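Here's what Swiss-Prot has on this protein:
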- 32-52: transmembrane segment (TRANSMEM)
- CYS35: heme c binding site (BINDING)
- HIS86, HIS187: heme b 2 binding site (BINDING)
- 90-110: transmembrane segment (TRANSMEM)
- HIS100, HIS202: heme b 1 binding site (BINDING)
- 116-136: transmembrane segment (TRANSMEM)
- 186-206: transmembrane segment (TRANSMEM)
Amino acid sequence: MGRVYDWFEERLEIQAIADDITSKYVPPHVNIFYCLGGITLTCFLVQVATGFAMTFYYRPTVTEAFASVQYIMTEVNFGWLIRSVHRWSASMMVLMMILHIFRVYLTGGFKKPRELTWVTGVILAVLTVSFGVTGYSLPWDQIGYWAVKIVTGVPEAIPVIGSPLVEILRGSVSVGQSTLTRFYSLHTFVLPLLTAVFMLMHFLMIRKQGISGPL
């Protein structure tokens, strides 16, 4: 093991990277409420892991979606646990995100020079809510169907572009297979990718600027 480590150390300077990560200064005013962002990240990672596991069994079609979810819950080994953890961590992620936003706002963490960190955080909040909207529809039960119908119908009130925008969201004039396909793609590919990118930007800026001081 020593030789393997030395081989990587010679090329990547692993020890220098580890020292930089572990030696970052933490202000004395930092308390448990400053961990809310990290808890949100942890929930996101749990979401990725459990969501990936369910993609092996979930079928994104209007005729098979509900049955595939029932199959996960009743037939797949620990499928009920995986889906339950996915749902619980989703709720926890939203809650932790809201508390994190309040903490940052109340402690002035959005002020100069951390404006861009705040902007990326707001974008991450929008992405988190979008996860909830798209994921809610995937079981394609009565609640999911009507939730999608209502949410995608909201833009119709916008003058001129309302109707075309609704059709883009649904994939057709009415809610159906195209809508489910769009929401599944958003939930499992587009939103996770965007979230990972903006989280990386968010953390790099925090790393560069450090934790904001007390008010």
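Even glycines carry a Cβ here, placed using N, Cα and C.
On a predicted model such as this, the values are computed, not experimentally measured, just so you know.
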Roughly how many angstrom lie between the C-alpha atoms of HIS187 (heme b 2 binding site) and HIS100 (heme b 1 binding site)?
23
Intrachain residues whose Cβ lies under 8 Å of the transmembrane segment (116-136), provided they are six or more past its termini:
47, 90, 93-94, 97, 100-101, 104, 109-110, 143-144, 147-148, 151, 183-184, 186-187, 191, 194-195, 198-199, 201-202, 205-206, 209
Between the Cα atoms of HIS100 (heme b 1 binding site) and the residue listed as 'heme c binding site', what distance do you get, rounded to the nearest Å?
8
In whole Å, how far does the CA atom of CYS35 (heme c binding site) lie from that of HIS86 (heme b 2 binding site)?
21
So how many other Cβ atoms are close to HIS86 (heme b 2 binding site), meaning within 10 Å of its Cβ?
19
So what's near the transmembrane segment (32-52) in sequence-distant terms, Cβ-Cβ under 8 Å and 6+ beyond its ends?
82-83, 85-86, 89-90, 92-93, 96-97, 99-100, 103, 131, 187-188, 192, 195, 199, 211
How far is it from HIS202 (heme b 1 binding site) to HIS86 (heme b 2 binding site), counting Cα to Cα, in Å?
24
